Amino acid sequence: TYVLSQIFPKFPFFWQSCPYVCLIYCEIVLRLAGEKKKHYEGRVEVFYNGEWGTVCDDDFSIYAAQVVCRELGFTGAESWSPSAKYGKGEGRIWLDNVHCTGSEKSLAHCESNGFGVSDCKHSEDVGVVCSSKRIPGFKFIRNQANSQEGLTVQVEEVRIRATYSHRKRIPITEGFLEVKDGGKWRQICNEDWNQKNSRVICGMQGFPGEKRFNTRPYKLLASRRKKNYWGFSINCTGNEADLSDCKLGREIEQKGNSTCGKGMPVVVSCVPGRVFAPSVSIGFRKAYRVEQPLVRLRGGAMIGEGRVEVLKNGEWGTVCDDNWNIRAATVVCRELGFGSAKEALTGARMGQGIGPVHMNEVECSGFEKSLTECYFNPNSLGCSHEEDAAVKCNVPAMGFHNRLRLSGGRNPYEGRVEVLGERNGSLVWGTVCSDSWGTMEAMVVCRQLGLGFASNAFQETWYWQGDSSADPVVMSGVRCSGTELTLEQCLHHGKHVACPKGGGRFAAGVSCTMTAPDLVLNAQVVEQTTYLEDRPMYALQCAHEERCLSGSADKADPSSYRRLLRFSSQIHNNGQSDFRPRASPQSWVWHDCHRHYHSMEVFTHYDLMSLNGTKVAEGHKASFCLEDTYCDEGIQKRYECANFGAQGITVGCWDTYRHDIDCQWIDITDVKPGDYILQVVINPNYEVAESDYTNNIMKCRSRYDGHRIWTYNCHTGKKDLFTLCIKD
């Protein structure tokens, strides 16, 4: 640049901005900085002339973002953001009015005002979101002319390579660390290596922490192996979520096998979380707390992801997304026995929670054992559940998806379920018996394959032509709770397969979806609207026909009265997709007495139980009509029962069954005075898949004196009877 400025002093635009000159002379290094949520997004920063600076958003385009991302080693750009979305940078604004065609090799080759020529402020700093995929064979190019200060590690992949004796162990928790750069796997010299670096590597691989190991066998192995070292050391602080956030260390001279003359290749040993530990002897108890959990995840499709909920004063609540970042998300992930966070999600991306918002403006150092140890602003108010924070955590590579497949579907998200089972001493692909096959079993299949939630479970799959060699049944009697990681973890018949229908056209099938509804009952509305009504039998003929009264009503005199415990139910859809009846409109049942269709056989169960859990009275609510009674502001109603319209509940809307509607009650005519538990369960038979079934149940304390009834202490979510009783 100095030489060109001397040759063309009167034409500064030539040596400052000419892309053809820059092809030869302009050397820059790029990085992504700022308030990042993922390692492949951030504020674009340029290292030029010995100084880091930013890029102005004026005239920036997706083509320029493509150039930036490819220069950083990613396959392309997904989007770009103006107005300092990732925070304001510091120092010079190196580039302004950047015009790229998208084919340039470097941002320096694009047309611009020239380096350092800008009328922008840092409030206009541009940011990009790159594809998470790296360019195969991408070689990290170090700018020899510039200082390495501030550069982060850029490699294609990272892995822990187990020794031969440990290769078959799942998950792989210990071995030589290798990074892929320029299409080749390379080791790292351990001269400058420390535990903070190992902690970051373990987090990336899905483990909450690192542990010590016996170095002797690795020294012996290293002395026998041919080594191919990477040319740099690594400096991590230990709270990074990804190696790409660590600083690049000193350059190590490449001198064949003597590159690491005073050391050996880095070995990393990690502690698996509770869910993935093969046994207690692994020592996973030391990695994180094992007492009563204070944090949990809800609403996520995969293991290790979901809305963050915190337990405070005996009540679960959510976390507001103000200041929510990857560091706080990583604390949550490690606390729950996963690795570091892949993403810190905002805006209720995993559905809206219920109850209070316990924490806001959370700030973590990254080394806390629990999110509850992080600083937060207890005085910050006004956060709604539309701002609930969520996480996606790194989890170990377990290889679960290799033992299961979907066959014959129209797309990768549906098909006949085929598992790898044992037959005559060898592993073969076969089908699953569809007897008792339902939503919970389908949920496990979709999770195991990484395809999200189940939208449907099929007991006949004749319309999906799978591999005929896989027609025989290899698994039967499958019963899942819905929390299992694999179908094999569910209860099943084992080696002795029994399936009367056989496989083939009667084999089990699923369809999967990445989003699901989430129904939640408003407990406060139930508590506020409960009352007793004595109603004559002659006015209950329709309800009696639909089995909405207790058994003694069959023999009751038409002039007698039934005592009904009545209340309103307000059912919200807090999920990510609409709640629709499983049955198609053609199969809905017409009830002539009430003049309506039932789209679900049973939509809710109403039970009155003694304090020890014995049922003393029950009711049920068939789906008279599912519709959007009311919606949050800005959301349009989509479902209305009038004129035999479509039935369902839109996301952000709720369906209200008023207390004065038939069957919106429990018949307690035969119940004696006393203390009871009122329980309401939505979607009790799991007919429709939801992202979270734990909030489908509501329990209240009730006291009945023979004339009046008091209902209090209503809670949504799984709460045992003992908890409800001791609060009385």
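Placement of Cβ uses the backbone N, Cα and C atoms for every residue, glycine included.
The C-beta environment of Cys56 (disulfide bond), restricted to residues of the same chain at least 6 apart in sequence and closer than 8 Å, consists of Ile93, Leu95, Asp96, Asn97, Val98, Ser118, Cys120, Glu124, Asp125, Val126. Feature annotation from TrEMBL assigns disulfide bond to Cys56-Cys120 (among others).
Sequence-distant neighbours of Cys69 (disulfide bond) (same chain, 6+ residues apart, CB-CB distance under 8 A): Tyr40, Thr75, Gly76, Ala77, Val128, Cys130, Ser131. According to TrEMBL, the disulfide bond annotation covers Cys69-Cys130 (among others).
For Cys100-Cys110 (among others), the entry in TrEMBL reads disulfide bond.
Counting only residues at least six positions away in the same chain, the Cβ atoms of Thr152, Val153, Asn197, Val200, Ile234, Asn235, Cys236, Thr237, Glu240 sit under 8 Å from the Cβ of Cys246 (disulfide bond). For Cys236-Cys246 (among others), the entry in TrEMBL reads disulfide bond.
For Cys364-Cys374 (among others), the entry in TrEMBL reads disulfide bond. Around Cys374 (disulfide bond), the C-beta neighbours below 8 angstroms that are at least 6 residues distant in the chain are Ala328, Val331, Val362, Glu363, Cys364, Ser365, Glu368.
Within 10 Å of the C-beta of Cys490 (disulfide bond) we count 19 further C-beta atoms, all protein chains included. As annotated by TrEMBL, disulfide bond applies to Cys480-Cys490 (among others).
Marked as domain 'SRCR' by TrEMBL: 30-131 (among others).
Summarising the annotation, TrEMBL assigns domain 'SRCR' to 160-271 (among others). Across the domain 'SRCR' (160-271), DSSP assigns 28 helix, 35 strand, 49 coil.
If you look up TrEMBL, you'll see 295-394 (among others) marked as domain 'SRCR'.
According to TrEMBL, the domain 'SRCR' annotation covers 404-513 (among others).
Stretch with the most C-beta contacts under 8 angstroms to the domain 'SRCR' (30-131), considering only 160-271, 295-394, 404-513: 295-394. When the disulfide-bonded residues Cys110, Cys120, Cys236 are compared by the number of other CB atoms within 10 angstroms of each CB, Cys120 has the fewest. Counting every protein chain shown, the number of other Cβ atoms lying within 10 Å of the Cβ of Cys364 (disulfide bond) is 22.
In this structure, the C-alpha atom of Cys490 (disulfide bond) lies 57 angstrom from that of Cys110 (disulfide bond). Highest local Cβ density among the disulfide-bonded residues Cys100, Cys130, Cys480 belongs to Cys130, counted as other Cβ atoms within 10 Å over all protein chains shown.
Cα spacing between Cys480 (disulfide bond) and Cys110 (disulfide bond): 57 Å, rounded to the nearest whole number.
The average pLDDT for the domain 'SRCR' (295-394) in the predicted structure is 92. For the domain 'SRCR' (404-513), the DSSP-based tally of helix, strand and coil residues reads 19 helix, 40 strand, 51 coil.
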